[in-house]
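Here is the structure we will look at, set down as structure tokens.
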């Protein structure tokens, strides 16, 4: 049944043809079950393991590698001679890479589906219903409840009379379906809806109709929602929605409908893969076609087919050389290292690609409570009456320091610190705060912090009592656990709470009936202490406490007190104020009808006003600075809260989201104001607004969609169950560490400290990671370009192979992999948070960067071919053939006069490939040292700024010497040890690459950088 909150309870019962006393008949239950199905969320049908494995091979780079592996395997199968065994190394290594990538991908995919399944933990197992086939309430499985069922819910130990004075904090029934309340069987009914709203304060419910078709869930005070918990009281309701039709079920449907989108980095890598595949295809075909004339050369036994296969193998080697096999592994490692650094800053990243996405965040949509504020309600001001003469009054105003639940702080009057015991009014005020209270402070020894037990507002009063210490209790020798409630305990030893008249909506107050255990200044006989909304409490006050005496409360004094409270509740403070009062001569307990809550208001009359406290959820002290950093970095911060608009705007001003005098028209909206806008106006509002108040989590999803329509990269925070769809939809979903399991499962990042500053630190880390990622991609791609140039040149010029596939794999995966990973440790630029967010559509490789890759790559290729050629032509230990003979080596035979005196086997020597491989590795190590900074000279940012890089270069060179010197590796990699003189030549050919890169960096700084700045 939709919109049940609009109708009176009787109309809802009539809709289901049921009575509250009788319940549904068995026939009605059967009919409803057939119509609506079981009351449960369907289990998500996840993808099979085989489907997940196949998905890992949809990436274009992976498919190219897979094709290369299959072709290499087929060629190895038909290989003849000494290379039969080593030929299988290449396809085997490629397959191992693909299997490892698939395992990681499947594991991540399995984890990603946990968010929807986590919703089932909020489904109750059992429920209590009234049905016509039983005279009493019966317990049945929650899945058997149907719309129209009469359901009973209660807190643990709920009774039909005022709450006992020392009732423990307990967890009540879990609501088994969406219910329309028809009767509340206790003084009040309070429900913990935090799983839906993220707000920790429980909600007081009632049974009256709410004639507002646009009411949000938190305003539907006559409804109970499936999965929420009863905090206090007992009630009966009629089930109006079950299963997927409940609010919890709708969230499940929204989450299932959200298709995960690829991150900016993944999209860039996909585009890079497409470009690479096209380039590889063209070059491979070109190499094969150009050499058609050599297919029948004597080296192939005169067989055209063998020649075709030989050049096909060269084309495959070219493909292997062009693909940066180590790139996925290096990117994963870099992102994983980034997650570790973020974890140390209290930001736990669940999705690796999200680490890089954080770097291009342009909008941060943040909850107020607990993220921008401490979520630890704190009393910061209070007043008592100092004088009441000539019809007016003079107030004693005090400020209280401390913004957390830690029971330490100073009470000041102006600039002077005071002892509260010297003010009779403060002694009585503290007594009321301690006794009109069912909450407590608790010291969590594991976390080393003080935490609330119970309501946030009452905990703030408990903490205030500890700071006031009105009886000058000696606190020095107490442990932190004992300190949590020491001053409150002293008051409770002096005054005994008899019973509580719980809060009700009509009188907007609560009270306790107390008797002193022995007379003292604050209580000399039975009294009623009252706490509540100032307007309501002061209206019932006839007098005012002035020190230890009582004076009449005149209209002028009343208006003065209310004016001060209004001042505290508006402007930049927006304090939540509570009035505190007493009834010095209450009725006798025996004369009070405690079962009739309608008479509570008459018992709370003829009150004496004692004082007022003002509290707020204080902003975190570090947040204002972080918001200023975001503004400097071009990131817009938007505050989203369920609070009213006035409070939200005031907090925004305190944090610097709005200026002190800034006009917020068109920049701050309530959820209802946002709904009143046209779709186009909503899009415009999302682009300009910095505050959304009184919103439902469904608004968050729409805000994300509108921001995405402007290509904004949005980070969205949330902690409740119904925040999950928005968290899943945003590019960066950020859940609070104290939030629900569903929110955490749907998010890419979890803040262990719920602190906005951790988001900003994570964005900074994401920017640094992207900067480092560009460096190692440049490093790896220039290496691959060099390998392609090398193979292409040897094929075009008809030279012997300078590098074979297994050597290329070794360089791409191992030798280059270590320095590339170490580049992830490069220190971030000092101005990294002074730049605007980068455009997520910006190409991974720009035109200038491509030119740099090409310039370095061409040098690498030329140097590698030159090293191999040098051995044939110039090395003292080489064959000293001429260049013509080298170019036509495939025509070498004993019968060919052009090769007279030349041993044709020299063209298969391991020395030239070893020279080429050594030059390639050495140049790549020089390139790695050049990559500490994209544009800064080695003289300004020397390699030792990244000690990990120096270690990686040393390790890579050690591994190179390992394959040269340690059997059987020389056989596997077709290499041989070089002489000292040959190593000198290797260095002479390799080191000039440093000068080339320095020249390119100079051009970047002086010309390309200036053009970019002008743009």
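We number each residue from 1, going along the chain as drawn.
Using N, Cα and C of the backbone, Cβ positions are placed for all residues, glycine too.
TrEMBL tags one of the stretches 213-233, 234-254, 255-275, 276-296 as transmembrane segment, and that stretch is 276-296. The feature transmembrane segment, as given by TrEMBL for the ranges 84-107, 108-131, 132-155, sits at 84-107. Helix, strand and coil counts under DSSP for the domain 'Cation-transporting P-type ATPase N-terminal' (3-77) come to 46 helix, 1 strand, 28 coil.
Long-range Cβ contacts of the transmembrane segment (776-797) within its own chain (Cβ-Cβ under 8 Å, at least 6 residues beyond either end) map to 283, 287, 290-291, 311, 314, 317-318, 321-324, 326-327, 330, 334, 803, 808, 811-812, 816, 819-821, 823-824, 844-845, 849, 852-854, 856-865, 868, 887, 916, 920, 923-924, 927-928, 931, 934. Away from its own ends, the transmembrane segment (944-966) comes close to residues 810, 814-816, 818-819, 821-823, 825-827, 914, 917-918, 921, 924-925, 928-929, 932, 972-973, 975-978 of its chain (Cβ-Cβ under 8 Å, at least six residues beyond either end).
For the transmembrane segment (849-873), the list of distant contacts is 774, 778, 781-790, 792-794, 797, 799-800, 802-803, 879-883, 886, 906, 909, 911-913, 915-916, 918-920, 923-924, 927, 982, 985-986, 989-990, 992-993, 996-997, 1000, 1004: same-chain residues at least six beyond its ends, Cβ to Cβ under 8 Å.
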